[in-house]
Amino acid sequence: MTEEKASVRTYDPPEEFASRANVRDPGVYEEAARDYEGFWAERARKLHWFREWDEVLRWDPPEAQWFVGGKINASYNCLDYQVQQGRGDKRAIIWEGDEPGENRTLTYSELKAEVEKFANVLKGLGVRKGDAVSIYLPMIPELPIAMLACARIGAPHSVVFGAFSAQSLRDRINDCEAKVLVTADSGPRGGKRTPLKANADEALEDTPSIEKVVVVRRTGDEVNMVEGRDLWWHELMREAEPECPAEEMDSEDILYILYSSGSTGKPKGIVHTTGGYLTHVNTTTDWVFDLKEDDVYWCTADIGWVTGHSYIVYGPLSNGATALMFEGTPSYPANDRWWDIIERHGVTILYTAPTAIRAFMKQGPGPIEKHDLSSLRLLGSVGEPINPRAWEWYHEHVGGGRCPVVDTWWQTETGGIMISPLPGITRTKPGSATFPLPGIFAGIYDEEGNEIEGPGVGNLVIKRPWPGMLRTLYKDPERFRETYWQKYGDVYFSGDGARRDEDGYFWVTGRVDDVINVSGHRISTAEVESALVAHPAVAEAAVIGRYDEDTGQAIVAYVILEGGREGNDELAQELRQQVRKVIGAHARPQEIIFTPDLPKTRSGKIMRRILRSLSEGRDDLGDTTTLADPGVVESLKEQVAASR
């Protein structure tokens, strides 16, 4: 099916699905618009509060406080409250390891017991309310256990993605001044191992705030244990007291800090607080995924990213759902691993990224056809815009043509889903995230700050505060204002572009700033450039994202070498390794083009738009009148052609 045909076809919710859906009344949009504070207050009451709030929203742009005066605990809502409602013996987490046959299941009662013990471990290590804890773990149950233990005692957690380098870990620990680091000996993924403890040891050479390191024995690999600092998880848990009451947290107390790529290169510590965030992810998990008591829900993200925080841990568990966690990759040890997992565990809801879907398309439906996926009833997409052809393929081959597809738009900053179909109500168009959810007020603005009404293209904004919104950037309120609020005043600027069609559907077009989206991972161009320039052979580098049918975008680096040195394949490989070491494997450039010069304006600014056009093979380079040396473009065209 061509992109054009796919993008004009529409799909109504299947009748049987719609009749049982959690949200069946389209009037919910109007109800939320009429009294959106009342709407969110009603949703918040689905949670357990030790004390109800005095005020739903206090808004002093750009600072929002939700459920002011309310007392709540995220861990209590995800565990104790579920046990009280009779879910103690229900499976909370089904864990599937990297190697087939490695499985673990934790019921709500079992998860609660583990969390209470680890909360006491943290207290015993001197962690108090307000102290940050860094977590650098593979996708194992100890990761959500550590997060929920932090939430239980009021210690903000800062999870660092396991593929990040020692330097990235060090920078994040130092920024949040974590007191304790929780890591593992190593992390298996796709048959390979990441030396997490060795990376942590390197990072800890320069992290003055860290007092203790807790190490999970995941693989049994031999690791260096520093006496007096490093402690084994299993030994601490063996001695831990079994009961730890949940702290009564203010609604606006910090739940976690999660670092995201910024256009300046310095990672941004995005701060999410407790009451508003939990309300947002609890509601969106229930409504967007239409959760039922017997669902087995699988979000394939890593918990190191916000999708895992919101839609593996806090959203599903606060709804009493059964969530599946997978440590491995789609293709190890065979390319039908995911379909085998779905069949064996009876997965009913699958939430994954377009990158994975495009990889499966390349293999064809063969691996899927070996398995019975009839348990699936809903499919979701996250991380980047999904192209219509991938949407159609997902719907037809994975969902058997019967499962609604919810294409979701949101960000680390928004905390939870913002634009998405409601699967029992919304007529979907492949490639469109459809409409802002009830209680979310999205709009499209032009560069001058005028709102575009009706069909049009511009910058995607959110016009009113919402409960899951980031409250600030950790220790950097100025950057918070500058990044999200300076452009349009009281309106949140997302950094994404969008188009609205004649039916009011939103089509997200991707980043408009200097952040690249590779397989749903946001990577700062400035961060990659500074990693490249740190190599002694590199004089200057410019990094752009070009379209890639597998990963959405691919990283391309244009590199000027010192002293007229010639580039070669060996040096290109060395530079990729340099980026891997400084940032992580996910940020390695797919293509490195050596060039004697870069297209710059007379003021010295690199014109990345021209580099992007050249990389994508486009002849129309737009306005080039501001170039200091137009001849550079011709020479670059030759360099690009030679590199292909």
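Even glycines carry a Cβ here, placed using N, Cα and C.
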Query raised in the report: What does Swiss-Prot list, out of Asp372, Asp490, Asp496, Asp501, as binding the same ATP as Gly383, Glu384, Pro385, Asp407, Thr408, Trp409, Trp410, Gln411, Thr412, Arg511, Arg522?
Result: Asp496
Requested in this report: Work out how many Å separate Trp410 (ATP binding site) and Lys192 (CoA binding site) at their Cα atoms, rounded off.
Outcome: 31
Report summary line: Lys192 (CoA binding site) has its Cβ surrounded, within 10 angstroms, by a count of other Cβ atoms equal to 11
Report summary line: Excluding its own, the Cβ atoms lying within 10 Å of the Cβ of Thr408 (ATP binding site) add up to 24
**Report entry** The one of Gly191, Gly383, Pro385 whose CB sees the fewest other CB atoms within 10 Å, among these binding-site residues
**Finding:** Gly191
Query raised in the report: Looking at the binding-site residues Arg189, Gly383, Thr412, Arg511, Arg580, which has the shortest Cα distance to Val533 (Mg(2+) binding site)?
Result: Arg580
Query raised in the report: What are the non-local neighbours of Arg189 (CoA binding site), defined as same-chain residues 6+ apart in sequence with CB under 8 A from its CB?
Result: Asp98, Pro138, Met139, Gly162, Glu327, Gly328, Thr329
